[in-house]
């Protein structure tokens, strides 16, 4: 797509597992000319920056340095990964009050130096914190984006691809709603080469067993809990998901991604941030699509949204 705006500078707030890995994926991408890493632990950020810079001879030129909030000035995109970590057995919603308080300071500091960037929220619970960011920042709704279910959708497509033995990039399926326990698998639209998933399984003769919708859905929904149980945190795949969103913005691709953003009547939901198929380009949210999900999926999506709205009511924002 034509892109009259050149995006050069990205700031990452938070130099933990997700933030530093995100900086790494952006460094490898060749998309950005300047990456700033901000963290309350300056020593940790310095170490990450040093480690990244030692790989500079292997990538396209990019300036990477540890900064302060004043370095948000001039940033085209500010990615927020900072916040309390999710503990084993803790749901993303359990995190909300702790991270809302953290965000009050972060958003205030960002907008003090930059009120014209795109804010990309990654910290969990991402949908609620995307809404919190929208409210606290005063930014236009198209400039506040959550990573949403981009990762969940990738997990869904990967698991389906493993089952049917097809390249994951050729599996078309979405996880919508909350990035968390009430997320919805949109089976009605899942397809390979335009062939509905169930029909494809009947015709391809590659599947070793009949596809179990519930098994795959539960694997997607519980993936983060299993990874945290095994290694303590998730960061590789989510960093790649963030890179994909940044890529869509930088290249003005008008890509369709399941990012989280403010709904205003779509699917019968308002005043809540949720993930549905959305066109993402240089302006951030270009358009929220009206996708023909079936009635059950719409009802589950509304239930997901209303669950989050009840939690939002308890927050001091």
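Quick reminder: no glycine exception, Cβ is built from N, Cα and C everywhere.
The annotation in Swiss-Prot ties 39, 44, 69, 83, 84, 122, 123, 124, 147 to NAD(+), and of the candidates under consideration, 18, 164, 166, the one tied to the same site is 18. By the criterion of other Cβ atoms within 10 Å of the residue's own Cβ, the least surrounded of the binding-site residues 124, 234 is 234. Nearest Cα neighbour of residue 44 (NAD(+) binding site) among the listed recorded positions (152, 154, 172, 179, 225): 225. Each of the recorded positions 44, 172, 179 was scored by the number of other CB atoms within 10 Å of its CB, and the largest score is that of 179. Summarising the NAD(+) site geometry, the residues cited as binding it (18, 39, 44, 69, 83, 84, 122, 123, 124, 147) extend over a maximum Cα to Cα distance of 24 Å.
Of all the binding-site residues listed (18, 122, 126, 154), 154 has the fewest other CB atoms within 10 A of its CB.
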